[in-house]
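**Student:** Could you have a look at this structure, given as structure tokens, before my questions?
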Amino acid sequence: MLTNCKINNFKINAQIGSGAFGLVFHTFDTITHREYAIKAVMKKSQQSNNSDNVDPSIKKSTILETQLYHFFKTYQDTLYLPSVDLDSISNLTDKQLESIPHYREIALHLKVHYHSNIVTIHQVLESPIATFIVMDYYPIDLFTSIVDCKHFTEDGLLIKKVFLQLCSALNYCHERGIYHCDIKPENILLDMFDNIYLCDFGLATTSPYLAPNTCVGSSYYMAPERVLCKDYDNESKFPTTTGDIWSLGIILINLTCVRNPWLKAHQVEDNTFRHFVEDSTVLQKLLPISNDLYFLLSRILRMNPFERINLNDLMKEVEDIISFTLEGSLANVPRISNNNITDKMINPLSLKALLNNYNDELSEEDSNDQYTRSSIRSFSSSPEDTPYHSGADDSIPSSQSKSLYLQPNLSSTTAYSTGGWLPAY
């Protein structure tokens, strides 16, 4: 609907995502010839104005798209919008953010976007209808790379590389008091050199502790204390960091086994998870994992969040692990050394500078050689498309076992973004 419309010098090529209150566009800078992703987030005033006289079944993102269409047509498909100073956004207080809640995600993201494995925000543009966030564009997310491209099934060193980059980005956030709370493959983007970039801080928080049963995140990746916690009173608090670490454990299973261990870490609603709580070795029946990986996962996926491995120790363990699976290409994995990790990794910080300076020298054929834009959301969720057939215990229902093949996380106990990019407020 908005293809070829322009926002300042950014020409819209296509809509590539939608969420509860916003849209994401792939755009092209007509001056620098660089690609960007622009996220349009509906303003609070627009949400309030539309709530009383619009059918509640209509998505807010659909309303925003219609409003933007008419807004662009009013100005002959070209908008000239003012830019907001990024430092002023970073310095907004919690009190100020209460009146402009859609800026909270931007403010938290800006505090950490200097890390080489976190998506950079370049500009924030204001209009009467929506706020536009100009960010780095990457053609693929980790989910698509794992499931559709089968990109990690033969390369244990590549698994280590992307996982350690993710740990590094998350550690950077935690050191600055930012807790992501929605770590999942759809929120991790990749460039053509297999460097990862963490995005979507829509559910992020600055609270170092959360009350039990605070359901923040996406169901497959949510820690058990956020889903169901009976053994603690309402005044108990659990560290937010360890919720993110739990999610990392599920990501590691995704990378090595191309599936999820359970649908939800809920002992009542999920039979597989209940079996795991009773006997953690059930992981070795469900998954083709090595003893080394099992022992590491048993330190990550602890029911008591205070007992989970910390990020620094986790990174060291992943560097040293020598097998991910019992057989196949991932059964023997080299330890990380300065030499072999350098061979596999282009420094992401240098890469950003490289792309900034030389992006226009990359031909379209080169940039699309490994991935195509059409693959971004073309998920393969059928069990036949995954390389591992479960050897699950017969006591676990086969219907549930089949549903554990890695698929997009479209269910959550919160109104989070199912598009992988957009926040919900």
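Heads up, residue numbers simply count up from 1 along the chain you see.
Just so it is clear, glycine is given a Cβ too, placed from its N, Cα and C backbone atoms.
Straight out of TrEMBL:
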DOMAIN    10-322  domain 'Protein kinase'
BINDING   Lys43  ATP binding site
REGION    363-403  region 'Disordered'
COMPBIAS  373-382  compositional bias 'Low complexity'
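Quick one: how deep are these features, and who are their neighbours?
**Tutor:** In the three-state DSSP assignment, the secondary structure recorded for Lys43 (ATP binding site) is coil.
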**Student:** Lys43 (ATP binding site) has how many other Cβ neighbours within 10 Å of its own Cβ?
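**Tutor:** I get 20 for this one.
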**Student:** Averaged across the domain 'Protein kinase' (10-322), what pLDDT does the model get? Just tell me the whole number, please.
**Tutor:** 91
